[in-house]
Structures are given as C-alpha cells and as structure tokens.
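**Student:** What follows is a single structure, and I will ask about it in a moment.
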Amino acid sequence: MPRRWAITAAAGVLAVGGGLVWAAADDAPPVRVEHHRIQVVDGPDDDQRVTLDASFFPPVGHRSAPAVMLAHGFGGSKDDTRAEAEELARAGYAVLTWSARGFGRSTGEIALDSPDYEVKDTRQLIDWLARRPEVQRDPGAADPRVGIAGESYGGAIALLTAAHDPRVDAIAPQQTWNDLAAVLFPNATGAQPRTGVFKKLWAGIFFTAGSPDNGPGPAPSTACGRFLPSLCEMYQEVAETGRPTDEAVRVLRRSSPAAYADRIKAPTLLVQGQTDSLFPLDQADAGARAIARNGVPVSVAWIQGGHDGGDQETGRVRGLVRDWFDRHLRRNGQAAPPAFAVSRTGGIDSSTQEVVIQAATASTYPGLRANVRDVPLAGREQTVFNPAGGTPASVSALPGLGALGALDGLGAGGMLPSDIPGQAATFDSRPLDRPLHLTGAPTVRIRVSGDEDAALFAKLYDVAPDGRAAPARRLAAPLRVEKSGEVTVTLPPMDYRFDRGHRLRLVLSTTDMGFATSPKPAAHKVAVVSGLSVPTVPALHTPGAPLPGWVWGLPLAALALAAGLLVQGRRPRRDSPDPALADVPLQITGLTKRYRNGHLAVDDLSLRVEQGQVLGLLGPNGAGKTTTLRMLMGLIHPDAGEIRIFGHRVRPGAPVLARLGSFVEGPGFLPHLSGRDNLDLYWRATGRPAADAHLDEALAIADLGAALERPVRTYSQGMRQRLAIAQAMLGLPDLLVLDEPTNGLDPPQIREMRDVLVRYAATGRTVIVSSHLLAEVEQTCTHAVVMSRGRRVAAGPVAEIVGTRQRLEDAFLEIIGEGT
Amino acid sequence: MGTRTRLNGDGPATAARRETVPTVRRTLPLRVEAVRQLRRRRTLVAFAILLVLPWVLVAAFQIGGDPGREAPGLVTVATASAMNFALFALFVSAGFLLVVAVALFCGDTVAAEAGWSSLRYLLAAPVPRARLLRQKLVVALGYAALAVFSLPAMSLLAGTVAFGWGAVELPTGGTVPAGTALGRMAVIVGYALVSQLVVAALAFLLSVTTDSPLGAVGGAVGLVIVSNILDAVTALGGVRDFLPTHWSYSWMDALQPQIQWTGMAKGTAISVAYSVVLLALAFRRFRGKDVVS
C-alpha cells in the first residue's frame, strides 16, 4: 500500500540520522595492551633500583609509529590514563603509560619529579621504547620518535624530561607548575618565594593525602605517605613555620621546569586551567615565554576547569593534544594550532543544562600584560585588621569550589560568603561605559603602612549595577609587605568580561583560608596609589560554535523525502477534451469502482445524457448510485473507465466541474454561519464573478425568508435541504445533479421542486435526479437509468422503460428482479 | 419554495463556450477561508482564553503577592517588568496551552469540513485538492501564529499596566535593557512559532486522514505528551535530541546574558524536518484520497 510505504520510509529516514551516530561510536577497533614491569636505576648516584609498572599499547593499524608517553597526575597511577592511551593507540600511536615511582604498583618513593629520580626513570622508559619494533625511530642510535603528555604531576615530568633528554620530540604538559617554589610560596609583589605566603591548604593536600596508603610496597615510612623522607621532613618544617627555608626553596626549584627552561627544545603545548588556585595561569605563562625563547613552537590553551574543579574539557584537551602530536610527531601536515586559545563560558545549553564553552583563539601568544588599559580606582585609605589566630578567614578558592566559577561567569555566583567585615579594603572603579574584557594579570600599585609585616590577598570583583558583587574568578594573589611601603601588586591572571555599567572592585583582605597568615593581631592602612592596569587581548576571536551536521542535513533530507513523496504518487495527466462530446453534458464509459474493502460498488457502467434531459437515476440501496455521483463530482477516484462532462474528463478539481451543480448525500454547510453567508462564501470559494451567481434566483428556490440570516445549525432538515439545492443551482450550472432532492420536503414543496426541475431543463440545461420515489421520477424525468449492484440494467426514455406496464414502479421491480 | 422562481440567466449554449479554466486558480481565496473559520465558536473561545489568561495571571500575582526569590527561574522575576511577565506567561503556556491552540487550528480545519459534509461541495466547486489544502494550511497556520503571538502581546499590555515597562531581569541574574529585550522577545516568539510547526504539521496530517476534528487535535496533542514522556527518559541519551519536543524550551537560551543559538538552531532543524515530511504526507494522502464523508 503506497501510503504505508511512504510513512514507513519517512520514519526510516528520520531514524537513520540517529542510527549513524551510534554506529560510529560502536565501530572502534580493538586496542591491544601489554603490561610490563620495567626495571630502572636512578638516584643521585644511580644506585637505586626501582620497578615501574607500565602498560604498552601498540599502535592500531601501523607496524611502527611515533610513541606517546602518558604520565599520570599526583596520587594517581597508570590506570588513570588508560582511556586516553587507547584513544591514541587507535589513532595510530604507540602509547606507554606507567605509574611513577612511589605511585600505584611501582616501587620507590616520591621525589617530586626530581631530575635525580623521576626524570632518570622516564629517560630509561624512552630507552625501553627505543627497543620496541612498534616505535618509529629518528635517525640516530636509540632515538625513538616520542612525545610526552600529562596532567599536573605528569605535566611537570613531561617538561623536565624534555629538558634533560633531547630525544623528546614534542610535549603537551597540562595544569602543571613552572616554578614549584613560587607555586607554594607566591608573592604578588614579584619578590622571591623566600618572602612568599605559604599556600598551606594545597601543600597539605599535596604532602599528606597525596599518596594512597594501600600500595603493595613497604608500609609508608613517613607521615606523608610514600614521599622521600627528606622531602617529608622539609614539608613538616615549612608547614610548621609557614616560611620556606633556603633548602626548601632549593629543593623545590630543582623539581621546577623553570630551572631548565632554556634546555627545552621540544615543541610544547601548555594547557592551563582558569579555575586553578594551585597552579595558576602565570605558571603556564612563565613556561611558555621561556620555552618560546628557545625558538621552538609553543601553544598556550586556557581551559575552564583546573585543580579547583570545574569543566576539565577532557574531550577538547585530548583533541588539542592529539593535534599537537599529529603535527610534531607524525608530522602529517596537521595545521598549526592557534598559539593562544581561551575557553570562555558562553551560557547554558538549555537542553543539557550544561555550560556552553566556546574557545576564543589568537594567532600569537600575547602574555599576561598585553594592551593594557588603565581603570581608575576610587576609595580612600582604609584600615584592615588581621584577626588573632588568623581566623575567621575569608574564602577565595578552595579545592572543589571551582565548579561555582562557571556560574560566576554568568552572574549567578556570589552566593558564597567570601570576605569578613573589617578584614578587607575595597576600591571601586566607576561604572564601565563599555564592556571590558580582561585577559591577563591586572596590576595595581598600593601603599601599605602598619607596625607588622602585612600578608594581604588581592582579589578582583565584578560589581553589578544593582550593587551585587561577585568574584571575577575565585582566585587570590597573596602578597607580603614588610611593615610599610609601596608595592606593585600583580592580581591573579584570568579571562573575564566586565559588562557595561558594571564596576571593577579591588579587594585587599588580610586573611585567606588557603594560605598561612600570621596569628598575631595587627592593623594595616591600605591605599591605592594607581589605577588598575588591565590587560586585554582584542585579537582573541571566538569562532561560532560548530553545529552538528544534522542541523543542516536533516531538513535537507526531509525536503528531499517530501519532494519524493509528492512526486512519486503523482497520477499521470494526459487528458485532452473530446470535441465530439462538447455538447454532451455527461458521458460515462466503462466506469468501475471497487472499494478498499473489496466491495465492487460500480461495475463497468456506461451511460450518456443529452442536453435538456431530466434523467432519473434509479436503483435499490447499494446499487452504486451515490458512488457514481461522487465519482462524477471528482470525490472518488475510479478504478477504470472515465466520466466526461461536455467532453472534458472529470478528475478531482477538474475545471469542468464548474459547469456541474451538485447536491449529493445531504447538505453540507458551516453550521455557525447563516444561510446567506454560506451561499455567499461558497460562491466566493468557487472563484467565479459574483454576477454569475444568480444568488437571488437560488435564494428564491430556497424560500427561507427571514431564516436566511440565522445560523444554519438552527435549521430544520427541510430548510437545509432547500438551501443545499439552492447552493447546487448557484451560477445556474449546465448540468445539475440532485440526490434525493425531495427528502424532508412537504408535498407542496415537492410539487414546486418538480416544476423547478422541469423548467430548469426547459432552458436547455440538464438535470440528473436520483430518487427512491418512483412516482416523482415518473412525473419529472424524461429519461431514466436503472442500476443494480453497480451495473446499468436499463436505460432510456421513461416511457420506454415503463413500456406496457402501468407504472414505473412495476417496471422497476421487474427490472431489478431481472438484475438479481 | 418560491412560486415565482425565474431561471433565466445565460442559456447553456453561451455557458458552454465560457472558458472555465482560469477561475480555478482563484478558488477559495485566503480571505474567504479566513472568514469561514473566524466566526467559529472554537476560534473565538481559543482567542478569548489566550487574551484573558494574562489578566488572570496578573490577578493571581496581585492576590498572591510577589514570588519568592530563593530559586532562579522565570517565575521569581515574573513581576519585574512587563516583558518579564510576558516571558513568564509564555513559559507557562508553551508546554500545553499553545500546543492545544495550534493543534486546534491546524487539526480541525479539514476534518471539520469533512464532518459538516461541506468538504465535498468545496471540492466539487471545484477547488483543486492541493489548492484547498494549501489555502487551508495557510489560514490555519495564520490563526495558529496569531494565537501564539497574541498571548505575549496581551501579556505585555497586562504586564505594563500591572508591573510597568522596563528592563528585563534575566533568570540567571543580570538585566537586559528594554530595547534589546524587545528584540529578544521577537526571537523568542519567532522560535516558539517554529517549534510549534511540528505540532501544526502533525495535526494537519491527521486532519486530512480522519473525519473527526477531535481525533486530529487529540492526536497531535497526544504526540506532544508522548514525546515529552520519552524526553524525560534520560537513558535514551542522544536519541532524545531527535524527539519533536526536545527543543521546545530552547527559546529560553535567548534569556541568557549572551544569546545561545545552538539549541534553537537544532530545534528549528528538527521541527522543520518533521513538519516538511508530515505536510508532504498530508498532501500526498489527500491527493489520492476517496472523499466519502
């Protein structure tokens, strides 16, 4: 059945769109994995044997391919990078993952990515890779083509290994440190870590909860898990005083890429988090600028999340890393990625309730102090108090709080209490006359005076026109001022848009939950002596978010399907009028109609009606009279045969139907409209000139009087009947077809109707009447056609059909009897 | 029956020569179809409900007082300004009331004619089938659009009277000045129209398939209900993206500090794709149909 077919096809096409997506996802080729225990020797004197737990993933679909080493984050193991490893192996890389010493099933103790320990281990892993036949080799004895990627702790080992081993061809460190001393003892005045403020919360997490205590090795020997005892002692000393020792700074520096940045010659992709109070954006900035000085390609990407939480953009970051290795390891002509990319929150996708992330890109990395704009700050000198014991402390960033950061960007944040009254000085700008997009680290010069050393925390807030203030980012820049003096403070680097009408607020607070502050109560006077110097990067450009292909494809496919549906079922039209029949009102030839239920309603019917005839169409119920009339009106498609009116073939909507007036199977009116409106609108619907309607003559036949203005739903059966006959006579059609016209009429009206029909035919027009009332037909009709079971059983002048019998009724019954 | 009936007019000889072809293209003018539908009780009732509803909501807010501010959402800022109120009115009616209104205008248009038997006389007038559907579709969509448009329009008026004209307060925080907000309102109403297109198309297809107006309207509304239920089954994952109602509230993306077009683009694609196919099926079905009503 064509209709069924069409609907099924439509559903099928719509379903295919969804099906393809699944198929693509399930189509991933299998990845093999080999587990290895790799023996390495490290330590300052190369005398410590360590067994590293490693997994090797041979490349899928290649005999030999560049290798990628995936390093895990602090507290993790090689299992963390398995999914990414499989992806890369599927993309045709040989991948090595391993648990660093002191983590997972590897032996040894944590040495904080020290060149004496972890870096030596990693170099021996490169030696191991060089022996694998699956790994592509660069010219040279044991130089595999290898890249290293990793997050946090694993990012630093990537940087440090690249600094110590020229065989590394590309690195993609993410969310990692450049200078570990500056990370743990930051000082926003630019002074040395020796005077920095201890990042106690993060350091504590790092050193105590850092390593799982369920490893297979010997039980943890120190309070800080599997750390080297010397590192543990150093931490405990520092944590107690809140001040770093020179030795601590030296040790931390030794584990910092900053110390060896001039030796990193591998193309470097640095991914850093905007929601990261542990390794803020300035870490990536310092690394990027130092490595770029070596003349190697460097790209910087700022993602939304970070160590504080938030959207880690895993999929996008993996894509960036893959592209980076495609370009610098596989060297397959992959286009250079943008030198600088910043993820910005664009809003919330209402269908997924997820924050929309858009990447703004620029072709050069501008650093943190580009296109500086000066924003004047107002506010007199204020006194802030350091509470005894350092509590209660204000809250800027906390691990895990980062998820709120994205909401801050939409103006919904600020629900968290952040500053304690009396502890914070605030300085506001004037409302902005145009939006200001800060990208980088703002600076401001302040004057501090007091009797004690002051540790202050500089933060930037966004103040809405209604006065609500929210942190631009939940980040604080700690600074230490010795007693009194003027310093230039560098605020936390960030990417943040201040809207028109909003104000920038600089907050200088004496406490912060994340940092060690003095327990000694103190008062400091704080004043700004310069405006806020705000860096901007107008070159950052956000390409429109790409829409999935189906957004364009689906409507186009639907259009094609729709066109197919409309074209496919079209019936051929090759009708030409028959000039020989131009004066024959009606000729039916071989007409056949079988309904879908199998009932043969009309069977090979042929008849011809001449002008001026009043033809009676007779037959018992079910003889096919009404079906024939419906086909005559173009309502039903005949299965075979044809109907011609004045030589024109009848089809649905054929223009010649304008010459047919019909009343079949009862009236059809709009019940809410009056009789007059019904006729008026019906005539206007025919599109013919109002003058041709002969409305008055038709209304006279209806004879409804005042009822004509009443809604049709108030009419009696007879009134509707008359109105319907009047409608059929509108425009005085040349062929008038009436089905049971006298139903519901009283005897005088029946008589009048008879006269009307006779007179109508007398003008040369033609009338076809179907009726049960044989007496009526006998009195009205000149000719008759008798149908039975869909066939014509008699036809001719009424007188002929009656013949010798007394009445038409007798003849009819006789004929019907013959027919059966 | 009038006894003095005269049936003169043109004789059939002249009538036979009259060219009848050009008139077919002028059959069932839009104005005629619009008038035929306008005076119907269901048209008037539908518009009455849509035009009174904003005032009922205003009264509700006046009696119940200002909504609380604890949760973000359109209701908490509903009384902030006329446009906030209009957005709220749209939000509460988009899921069902407007669906019913649209389904009513598009689902009833052909089925009701079939029910009154007037369809066969229109077809025999003759109005070509494709043209009849086209004219009816245009008028039905016109009324449906007017319905979708009239609710926020009246809400703006009622809101201005009750809460004053002013900047729009966004549910996520922040405000948008009235001028910008009016543009966004246009985007929202435009998208609401597009997203109802699939309801209109399905109602129209059912309308040519059945002789029962109630069946056509109910069927279209039923689709929306089923689609919403399936949409709530999160286990279906990405398949839900292709449900006809999945994106029906994407217009709220225009209420963020920066308009998000992605959801509305996807919703438009889905709605247009379904509608085009459903309408093609309607035309195809009607073209080959035996009209026996």
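Cβ coordinates come from backbone N, Cα and C, glycine included.
The following feature annotations were taken from TrEMBL:
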TRANSMEM  B:44-65  transmembrane segment
TRANSMEM  B:85-116  transmembrane segment
TRANSMEM  B:137-165  transmembrane segment
TRANSMEM  B:185-207  transmembrane segment
TRANSMEM  B:214-239  transmembrane segment
TRANSMEM  B:259-283  transmembrane segment
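Tell me what's around each of these sites.
**Tutor:** Tertiary neighbourhood of the transmembrane segment (B:85-116): same-chain residues 37, 42-43, 46, 49-50, 53-54, 57-58, 61, 74-75, 77-79, 122, 133, 136-137, 139-141, 143-144, 147-148, 151-152, 155-156, 158-159, 162-163, 168, 185, 188-189, 192, 196, 199-204, 206-208, 210-213, 215-217, 219-221, 224, 228, 248-249, 251-252, 255, 286, 291, 293, selected by CB-CB distance under 8 Å and a gap of 6+ residues from either end.
Through the fold, the transmembrane segment (B:137-165) approaches residues 30, 33-34, 37, 43, 46-47, 50-51, 53-55, 57-58, 61-62, 79-90, 93, 97-98, 101-102, 105-106, 109, 178, 185, 188-189, 192-193, 196, 200, 204, 279 of its own chain, all at least 6 residues removed from its boundaries and within a Cβ separation under 8 Å.
Packing against the transmembrane segment (B:185-207) from elsewhere in the chain are residues 83, 86-87, 90, 94, 98-99, 102-111, 137, 140-141, 144-145, 148-149, 152, 213, 215-217, 219-221, 223-224, 244-245, 247-248, 250-251, 254-255, 259, 264, 267-268, 270-272, 274-276, 278-279, 281-282, 285: each is 6 or more residues past its ends and has a CB under 8 Å from a CB in it.
Distant neighbours of the transmembrane segment (B:259-283): 130, 133, 137, 184, 187, 191, 194-198, 200-202, 204-205, 207-209, 241-244, 246-248, 250-251, 253; these residues of the same chain sit at least 6 beyond its ends, with a Cβ under 8 Å from one of its Cβ atoms.
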